[in-house]
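*Asks:* Sharing the record's features from TrEMBL:
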{"type": "TRANSMEM", "residues": "A:20-40", "note": "transmembrane segment"}
{"type": "TRANSMEM", "residues": "A:47-68", "note": "transmembrane segment"}
{"type": "TRANSMEM", "residues": "A:74-95", "note": "transmembrane segment"}
{"type": "TRANSMEM", "residues": "A:107-130", "note": "transmembrane segment"}
{"type": "TRANSMEM", "residues": "A:168-187", "note": "transmembrane segment"}
{"type": "TRANSMEM", "residues": "A:216-239", "note": "transmembrane segment"}
{"type": "TRANSMEM", "residues": "A:245-263", "note": "transmembrane segment"}
{"type": "TRANSMEM", "residues": "A:270-290", "note": "transmembrane segment"}
{"type": "TRANSMEM", "residues": "A:302-320", "note": "transmembrane segment"}
Amino acid sequence: MINEVLHTLPQVLIDGLTLGAVYAIVALGYTMVYGILELINFAHGEIFMTGAFVGTAILLTFAGFGWLASMPALVALVLVLVVTSVVTGLLGMGIERVAYRPLRNAPKLITLITAIGVSFLLQDIVRFIAELKNGNYILTGPSLFSGQIGIKVSSISSIFNDASVKSSFFIVLIVAVIMMVTLDFFVNKTKWGMAMRAVAQDRETAALMSVNVNKVIALTFFIGSALGGATGVLFAIQYGTIDPYIGFILGLKAFTAAVLGGIGNIRGAMFGGILIGIMEMFAAANLPVISHGVLGAEYKDVFAFAILIIVLIFKPEGLFGKVSVEKV
Amino acid sequence: MVLKKTLSILATTTLAVGILAGCSGGQKNDTANNGGNGGGGGGSNVIKIATQSPLSGGSATLGESIKLGAQLALEEQQANFEKLGFKLELVPYDDQGDPKKGVANAQLIGADKQVFGVVGHLNSGVAIPSSEIYEKYSIPMVSPANTATDVTDRGLKTVNRICARDDFQGPAGAKFAVETLGAKKIFIIQDKTAYGTGLAEAFKKGAEELGAQILGFEGITVGEKDFNGVLNQVLAKKPDLIYFGGLYTEGGLLIKQARDKGINVPIMGGDGLDSSTLVQIAGDAVKNTYMTSAAGLATATDAGKQFAEKYKQKFGKEIESYSAYGYDAMGVLLKGLENAIKANGNKLPTRQQVAEEVRKVQDYQGVVTKVSFDEKGDNKYAKIYIYKFDEAKYPAKLENEVSKQ
């Protein structure tokens, strides 16, 4: 039994890391906004989805003009990532300005419902535009980085099977790591990052210390949404096909990852995302083996969420959360 | 304050308009009734036929094709019914692939006295509860696409279908997989819906009876995009055929991700894969994919080719697998309706009479299938077709067809 699990382990880890990296960056968006506003921004999953669509639309336009073939794939990727981040970043700021700022002093529940409303709105707007332009809202973008790389893990130890990797896996992982490291640096080492942490700790006092609270909150939404949108592009490149409903399930799991890591904690969100991704992939591949066929792969979410519950029972503030001391 | 006032004015206006609209609607019905009486008949002379299929959501491509096919058939028959003194109208409903929505629509259809028939649904899970409502109101339903056995096995008088049954599609697929493709070790994946699981189980039973070994029977979740976990199991078990019971959205991704992992064995699925979107999603990976379908290739006959051209001309879209079935289902329904009108001395028949006449239809020649209903409402001429994707192009190549007898 252990042998069977070990055989597939390299491949499971690779697939889990890819999925986990996506969860992790989306989780960052939830955690940043929560840290500052104590608002669960349920529209974040939809911002991720919008990013995927914007990115795919740009790629399709490039392909339509024949530019895609003439430019190196990496350049195209960077270009698409930057444009998409700016678009979704501005979208996030706009949502904050229109839907959340007028309600900032209202009870928390009201903003939560607004967030759910915004998320439905985004889903249907994107669906409408995609259907109008494409006749079908399930969109398949041009494939970049679709090469296969075999990793001979079996040469390390015969117990492992060989794994194979799409080259987009490296792109997803590298871009994700760059984004996470940059964000961590930004929040912990720069002046604006300090302002963000100050607002997270105490909004009124920060305002008294001449921090422009509105600007800081807008910036938080911009960064969170830009990261979410960029992740959408990565997702579209890795999985190829997107529809307006990808944000829902993924957003839910990313939110879970944020809670698992300790909501409000950026490093916690990264760790939680990767953990949930690997856990889910491990369960999908190995549950039937471990349970002797009683539980099928369809129970992977039950497995991942059971672990979440166990963690929260013993550590309610999450793995990395400190009990309401540092929140960003 | 201003806002409140505006709001109250707005509310009052809406209410007033609503009441007026209600009145005018009533009047229209009255005049229609009077006209009918004057013409020597009883009741109104407008006959509405409803379609119910998902026009939004994940299977909207298939759902819309049913509606458009039915629309084409209805519009062609309009002149014919005009001569009999009746005005045909189509009322499309969107069931969203959701049983709750389907039943709610069915209630609306039942309450509308002018509706005399339904073409639908796409999903068996929606058709089964909705048809209970049709039975209550005696509205005949002709299904273009529902393959689940329970659709007709409940013995409802109003429910008919022109496509084949699942308990035939699964075994026909298994027979082809084991005997023609020589598959001995099969891995089955299903999407945990009534359709996917039912089909996968029927296939499993058929394959086991033919002596194939089932290496795994796993489920995935509809709406997810990453199936690498399940595929890692497939990779470890090394089957020589993968069977997928589910729809094209998940199927396309599954095929693509399987090929990305270097799983190059044939992948087989049911009619849920039968859509051009499958090819869009999977791209080149779709090669070496087989599917069984209750839908025949419409363009195989001259009548079918003409139909495809008309469809393209009118709607600007290529036909989908069930377009022609939507067309034929409407054709059968209208045939039954016409017979009922004639049997009733060119007067408006009751819904019961229409339902009886629809069930009695024998040897109706449609563009894609011949239709004769048996006592349960199944089509005696229904066949299972097996298709193969040789290249990333839709529709797929017809490999084989299996008939019931």
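The count begins at 1 with the first shown residue.
Here the Cβ of each residue, glycine as well, is placed from N, Cα and C on the backbone.
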*Asks:* Are the transmembrane segment (A:216-239) and the transmembrane segment (A:107-130) close enough that 3 or more Cβ pairs fall under 8 Å, when only pairs 6 or more apart in sequence count?
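*Replies:* Counting Cβ pairs under 8 Å, fewer than 3, so no.
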*Asks:* For the transmembrane segment (A:216-239), which partner among A:20-40, A:47-68, A:74-95, A:270-290, A:302-320 gives the most CB pairs under 8 Å?
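*Replies:* Comparing A:20-40, A:47-68, A:74-95, A:270-290, A:302-320 against the transmembrane segment (A:216-239), the winner is A:74-95.
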*Asks:* Can at least 3 Cβ pairs under 8 A be found between the transmembrane segment (A:168-187) and the transmembrane segment (A:20-40), with each pair 6 or more apart in sequence?
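*Replies:* Yes, since the transmembrane segment (A:168-187) and the transmembrane segment (A:20-40) share at least 3 Cβ pairs closer than 8 Å, they count as touching.
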*Asks:* Take the transmembrane segment (A:20-40) and find every residue of the same chain, 6 or more past its ends, with a Cβ under 8 Å from one of its Cβ atoms.
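*Replies:* Counting only partners 6 or more residues beyond its ends, the transmembrane segment (A:20-40) has Cβ contacts under 8 Å with 47-48, 100, 104, 108, 111-112, 115, 172-173, 176-177, 179-180, 183, 196, 199-200, 216-217, 220-221, 223-225, 227-228, 230-231, 234-235, 238, 250-251, 253-255, 257-258, 261, 263-266, 268-278, 327-328.
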*Asks:* Could you name the stretch, out of A:47-68, A:74-95, A:270-290, with the greatest number of CB pairs under 8 A to the transmembrane segment (A:245-263)?
*Replies:* A:270-290
